[in-house]
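Visitor: Can you read through this structure? Questions will come right after.
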Amino acid sequence: MKEALRYSLYLVMGSQDCRGRDPVRVLDLAIDGGITLFQFREKNSGLTLRETVSLGERLRHLCRERNIPFIVNDRADLALLLDADGLHVGQDDLPVWEARRLIGPHRLLGVSAETVEEAEQALRDGADYLGVGPIYATATKPDAGKPIGTRAIAEMRKRLSSPVPIVGIGGIDVPGVPEVIQAGADGVAVVSAIAGKPDPRQAAKDLLQAVERATDSAAGRESR
Ligand SMILES: Cc1ncc(COP(=O)(O)OP(=O)(O)O)c(N)n1
Ligand SMILES: Cc1nc(C(=O)O)sc1CCOP(=O)(O)O
Ligand SMILES: [Mg+2]
């Protein structure tokens, strides 16, 4: 399952991001539009743990039905409970090697990294892919810090010892996609550019088209 993954368009979302709509409906539309990966990120939403589990079960069920990998943010316990395909942790979360120990060898482990050093450490500790950001300014994650731009992605591509999948995250919508892909990312991870839009299906479609175009153009440039 790890081998078949496509990182082109990664939707990261919880109930707090859906503007009062049912997250299951928003996810269903986003899948129609072409997202390739989903992360359940319930943050400061006011849901109890029991409600979070219940929502997670509905989202997990939909992902299984539609063949979309289901990743859980931060919590290894929730990932195991929901039989998730993977877990995503940041630099202030569970240590990467502990996360790997808890979820076992077969589930996917994503790690946030801003520098080549953080990325190398994450890979040594068992990461399968990297989330790099915030690329642009974002209102979705108030503690994200200052935008780092796309240079960190280009540096990682140049200096990392293995060709790990990388997604850019933070403030990304259609106009920002080409720069992220040209820097060497395999895809983009977004919250508001899909979950915050009136038409999540069309938003996902537009983003996927932008990623595919940028990927083709980057490949063309490399072969010249
Ligand atoms: C794909 C992806 N990349 C980065 C993050 C951010 O993780 P983290 O730094 O742990 O911040 P929170 O999401 O936990 O607020 C992510 N979730 N997904
Ligand atoms: C969840 C998350 N992580 C980030 C990081 O920089 O690691 S930025 C971010 C929020 C991304 O939301 P939006 O697409 O609406 O800007
Ligand atoms: Mg985290």
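Cβ coordinates come from backbone N, Cα and C, glycine included.
No curator has checked TrEMBL annotations; they are predicted automatically.
According to TrEMBL, the protein has these features:
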- 9-194: domain 'Thiamine phosphate synthase/TenI' (DOMAIN)
- Q39, F40, R41, E42, K43, N73, S112, K141: 4-amino-2-methyl-5-(diphosphooxymethyl)pyrimidine binding site (BINDING)
- D74, D93: Mg(2+) binding site (BINDING)
Visitor: For the C-alpha pair, I'd like the distance in angstrom between F40 (4-amino-2-methyl-5-(diphosphooxymethyl)pyrimidine binding site) and D74 (Mg(2+) binding site), rounded off.
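Guide: F40 (4-amino-2-methyl-5-(diphosphooxymethyl)pyrimidine binding site) to D74 (Mg(2+) binding site), Cα-Cα distance: 9 Å.
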Visitor: I'd like to know which of these binding-site residues, F40, N73, D93, S112, is least surrounded, judged by other CB atoms within 10 A.
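Guide: Among the binding-site residues F40, N73, D93, S112, the sparsest Cβ neighbourhood within 10 Å belongs to D93.
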Visitor: Which binding-site residues, if any, among F40, E42, D74 have a Cβ under 6 Å from ligand 1, given in order along the chain?
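Guide: Among F40, E42, D74, near ligand 1: D74.
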Visitor: Can you list which of the binding-site residues Q39, D74, D93 have their Cβ under 6 Å from some atom of ligand 3?
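Guide: Cβ < 6 Å from ligand 3, in sequence order: D74, D93.
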Visitor: Do you know which of the binding-site residues Q39, S112, K141 end up with C-beta under 6 Å from ligand 2?
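Guide: Near the molecule: S112, K141.
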Visitor: Which one, from the binding-site residues E42, D74, has the smallest tally of other C-beta atoms lying within 10 Å of its C-beta?
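Guide: Among the binding-site residues E42, D74, the lowest count of other Cβ atoms within 10 Å belongs to D74.
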Visitor: R41, K43: which of these binding-site residues has the highest Cβ count within 10 Å of its own Cβ?
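Guide: The residue with the most neighbouring Cβ atoms within 10 Å is R41.
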Visitor: Under 8 Å between C-beta atoms and at least six apart in sequence, can you list the same-chain neighbours of Q39 (4-amino-2-methyl-5-(diphosphooxymethyl)pyrimidine binding site), or say none if there are none?
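Guide: Residues satisfying the criterion: Y10, L11, V12, M13, I71, V72, N73, H88, G110, A189.
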Visitor: The record names Q39, F40, R41, E42, K43, N73, S112, K141 as the residues that bind 4-amino-2-methyl-5-(diphosphooxymethyl)pyrimidine; what is their largest Cα to Cα distance in Å?
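Guide: Overall maximum Cα spacing for these binding residues reaches 17 Å.
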Visitor: Neighbour count, 10 Å Cβ-Cβ cut-off, for K141 (4-amino-2-methyl-5-(diphosphooxymethyl)pyrimidine binding site): what number do you get?
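Guide: The answer is 17.
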Visitor: Between the Cα atoms of S112 (4-amino-2-methyl-5-(diphosphooxymethyl)pyrimidine binding site) and D93 (Mg(2+) binding site), what distance do you get, rounded to the nearest Å?
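Guide: Cα-Cα, rounded: 10 Å.
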Visitor: Can you give me the Cα-Cα distance between R41 (4-amino-2-methyl-5-(diphosphooxymethyl)pyrimidine binding site) and D74 (Mg(2+) binding site) in Å, rounded to a whole number?
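Guide: Between the alpha carbons of R41 (4-amino-2-methyl-5-(diphosphooxymethyl)pyrimidine binding site) and D74 (Mg(2+) binding site) there are 8 Å.
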